Structures are given as C-alpha cells and as structure tokens.
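First up is the structure itself, then whatever we jot down about it.
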Amino acid sequence: MLETNDSVCELAYQLAYHPVYRSSQFWSMLVSSLSIPALIYFITRKIFFLHFHGNLKCLLIVYFICNLLFSMALCFAFFYQFLIPFFVTSKCQLLINTTLFKWGQICSFLLLTSSMLLPIGFSIERFVALGNAQKYESSRTFLGPVIIFIIIAVDFSIIFSVYKNEPFTEGFYSFILVPSTTASQINMYFFVLLFVKIFNLLLNCILLRIHKKIRIKYYSLSVRYEMEEILQSSKFTFIIRFTHLLFFGFYVVVILFVRIMGESFFNGTLNYSVARGVFCTVPTYNLIIVIIGIKSLRHLNLQRLNKVQSTVQIKSTGKEGSKNYEDIITNYWDSVSSRTP
C-alpha cells in the first residue's frame, strides 16, 4: 500500500510540473474565471429580459445558472491545482484531500450532467408551445418548473447510484479525473448523454420544419405573431444545443478514445494521465456560449423586428396590393353609404 501511495505521489509531482498539463490547467483556470462574470451578466441582463414564454425562460435561467455554478466549481478546482505546487513541501501534499475531492467531484458532475439534460426540457416545452400556439402565450408558467424538477431529480438519482459504493480510497491529484472504480459507469453515462443530445438536436430540427409547414395555416395576425415568437425562441435554443453538442461531443469522444486505448498507447502512466486531463472543453464552452448567446439574440431580435414589421404592413404593389386598394375603397364607400340618410 505504501508503494502504491508513493507511486501516486510521484505521478502527482510529475503532472504538476508537466508543461502540457500545466498549460491546460492555466487555460482552464483562466476561462473559468472569465466565464463567471460573463455568465452573471448574460443571465441578469439578457436572459431575465427575454420576451420568451415563462416556461422556456425558467428553463433557460436554470440551465445557465447550472453553467455558472459549474464554472465556479471549476474555477476553484483549477486555481487549487495550479497554485498548490507553490506551497507544498513534499510530493504527497500535492494529493487532494479525500473529503474535498469527494464532494467537489460529485457536486461538479451533478451540475455538469444537469446542464446536459436540461436542453431536453427545451424540446418538450417547444413542442407543447407549437401544439398550443393559439393560446400558449396566455398560459401560466407551470410546465417549465415541473420539467426542471423531474430532470434534476432523475440526474441526481443517477449520480447517486454511480457514486454510492465508491470508497474514495485512491490518491487523487485532479478534480476532473474519475476514480478507477467508478470510471466505467461514468463513461457509460456520458456515452448515453451524448446520444441523448444528438437525438435532442434532431428533435429541434424536426420542430423547426414542422413550424415552417404549419405557420402558413394561420391567417390571424395575432396567431402569426405568436408563431413568429415560437420560431425565434426555438432557433435560440437550437443554437445553444448545437454549441453544447459540439463541445461536449468532442470531450466525450476524446475521453472515451483515451480510456479505450489505455496506457500502452501513450507510452506510460504519465502521458496517459496528461491525455485524460488536457481535453476538458467544458470551461471553454461556459465562456464561448455567452458570446454566441449575445450575438444570436441580437441577430434574432433584429430578424424578429423585421418580420413583424413586414407582417403588419399592407402591401401596395402587385396583385395583393391591388386587392388591398380595392378593399380599402370598398370599405370607405360602404361606410359613407351607411351614414347617408
């Protein structure tokens, strides 16, 4: 047991001063710290003031709050791992306290997986909105909180079942590296989440196609306006899901590849551990999504404004313009005739 501990301490020491691993820690620390004020601004100044229905807004707020809390957890983790080598006096002091590692990783994974599952709620809410377009905007905010509760409860149950028998007896030198006794279950859960996210993105594509087909059936100006609101909000959630899938998909594919190939492929435990630790793309996503979100909202709002203006304007050219002119003249003379004694 002592020999194993010594080998773990030696590995922690080599990782702490490995240039590639060290650079990845610094990058993750930097983007995590930058993403915190960026997400706070995005939530309080953009998401809170969206014109979307309360159900979708509630889902978006909780989704980005999960990202914010996860960024805070990552910021602490990477600051800790980056700075601790400057203050230790022995190699084994580089190992993370077991209790700190246990609760840090469980809470971090719960926030990470919750943010991966919450976009499923976007699809459910959007299909309900599309199916009840004529009266959905006047409905109360109830569906969103229910979906949030169910998704978080399911995710909590899965994470609890994964970690309930984990003894946490290994020496831990990184918050993002899963214990070997739990790694297979976490990998399986991530693999399932990847397929769920792909399926969810396909559902969003189907939703947008259905929207384009049925919106021509509505002639009421108010319903057409509601349909345009649903379309714009669905496009925004599509952008979020697509961006999340790119980053998360890359992370899962790379991590599974590293684990499947094993230590022999990377010529030793050190290179294998470096490969496992440097491909965490989630901190970068938490910063990039704010930039993409602000730009996409600006574009969609401009698109929405132009669409609404074109919808309420009366055309004055072509066959439709001629018909509008005749209708106006007819209505005018009918009103004059009705006032003539």
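Residue numbering: from 1, along the chain as shown.
Including glycine, each Cβ sits where the backbone N, Cα and C put it.
Swiss-Prot assigns Lys57 and Arg298 to the same side of the membrane. For the transmembrane segment (24-44), the most Cβ-contacting stretch among 59-79, 104-124, 142-162, 188-208, 238-258 is 59-79 (pairs under 8 Å).
The transmembrane segment (104-124) shares more Cβ pairs under 8 Å with 59-79 than with any other stretch in the list 59-79, 142-162, 238-258. Secondary structure of the topological domain 'Extracellular' (163-187), assigned with DSSP and counted as helix (H, G, I), strand (E, B) and coil, comes to 9 helix, 1 strand, 15 coil.
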